[in-house]
Amino acid sequence: MCAPTPTLQSCIPFPLREDDLVDVVEKAKDWAIMHGAAMRSKQEFNPDALQFAPFILTPSSFPRVEFQKAVALQPVLNELIHAVAHDSAFLFETLKSTVKVDDFTRSLIDIYRTVLDEGIAQPISLGLLRSDLMLETRCNNECSEPANPLNAYCCWKQVEINTIASGFGHLGPSSKSLQSYILKELGHRDKLGNLPENKALSGLCDAMVEAWKLQKRPKAAILFVVEDVTYNICDQRFHEFYIREHHPDVLVVRQTLTEIHRAWRLGPDRELLLRVHEGEPEVEASVVYFRAGYEPGHYHGPDEWAARLLVERSRAIKCPSIQYHLAGTKKVQQALARPDVLRRFVGADEAKIDAIRDVFTGLYSLDPDEGGVEAVALALANPERFVLKPQREGGGNNVYGADIPAALNAMSPDERSAWILMERIFPPLSTGYMIRPGGPSPPPLVQLVSELGIFGAIIGCKDEVLYNKQVGHMLRTKLSTANEGGVAAGLGALDSPYLID
């Protein structure tokens, strides 16, 4: 039996007095809506209406030294993913079992093969990445006390790294602004110095513009590829608004994959061109930023897949390129946990290898040819230790704990190879108020767990990195009893880190 999960100290004393709590919550809801910390409702969708995004009332504590470690490591992780994305032999070999049973991954691989056979039209890729991590309380998966009981944790571990549609570039900084307002209203202005600067929005957008400048085509646009219906509209639109305000010469165009298939074509030099009104010049997109295309539901049929192939065949700089998308699959990340594989991409720099390996939790292949039988036995013997992950982004796809045996037993050995097994991270708890649309007033004090995301931006081709930065962060927090924590998926809440020593 494990000891009770350690709890991080809150940034201010709780509970709040009820009248103060009700007052500040009402003001905070209005602040959120009026400053774009908002989304469209999935339950009652209306394109003309917004509701505030779920948020944690006050920032959640996070150890300063671990935050700084994550920030410092991000450029190294950027380089790692960049190297992986440009090793076609590794991608094909690593995903060879997955493509036999996973139609979505196979379709991505087919596009990659096609553009390789034709010759890559644009060797430069733009990576806007987000490395997600959680503090760990059980070192070596044991029920021992944390190595650092005062801070209620022993280390942090990477949950995953996202290479496509890495969201919250706006909502991350907006969360800090919202919670700064709340702290001031509650009389805790002195706490603001422990909320780290967050320039995620400008950092991500400036990287897009840097890629646009590399193309030297001043009349070209940046194309945002979006869903048919966008719920997380503020996070997307504020990227567009930032670019238009700070770089007014750069046009931004939003299109779905279906619209791209209908209206775009390749020019004689593989320019990606939008057919406009008769007699008017076509619009070229020299940079393409995917906020859709990461899950099967975004491809309604052959037309959408044809649109993705059209973009990949073009000379536009893609974010992500098809190879970057493949580099972000769970199967690839599982393979990178092996020391011999890391050396393939990092070289003989043992310090870098150790720094990367130190943040990986246990990742296991379920491929029968790669120790999958033993991994399945581990999961069946102690399912609470593990998470089962498919090759998907967007949240809501994982299988946890007690649900794992039934899921594994329902799969054939070949079907299992489309999944990976990850050791579960057991983060420390925090205490706070979660504010949700339609939630109770006053909100109850609840136990929470948080996941930190560190943004990175990298531009380059196979043999040269032209731009590599850490560009901001975000924090998502969920109820301690919840498995998934995606805010856009309706399961988590906006938050920001309050750094503690």
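Cβ coordinates are placed from backbone N, Cα and C, and glycine is handled just like the others.
Marked as domain 'Glutathione synthase substrate-binding' by TrEMBL: 221-327. Sequence annotations record features per position, and here TrEMBL assigns substrate binding site to Gln236, Arg476. If you look up TrEMBL, you'll see Lys330, 389-398, Tyr400, 422-425, Glu451, Lys478, Glu484 marked as ATP binding site. Marked as Mg(2+) binding site by TrEMBL: Glu393.
Applying an 8 A CB threshold to same-chain residues 6+ apart, the list for Met422 (ATP binding site) reads Gln334, Thr361, Gly362, Leu363, Tyr364, Phe386, Val387, Leu388, Lys389. When the binding-site residues Lys330, Arg476 are scored by other C-beta atoms within 10 Å, Arg476 scores highest. Sequence-distant neighbours of Ile425 (ATP binding site) (same chain, six or more apart, CB under 8 Å from its CB) are Met134, Leu135, Glu136, Lys157, Val159, Thr361, listed in sequence order. Neighbour counts of Cβ atoms within 10 Å were compared across the binding-site residues Gln391, Asn397; the minimum falls on Asn397. A Cα-Cα distance of 23 Å separates Gln236 (substrate binding site) from Asn397 (ATP binding site).
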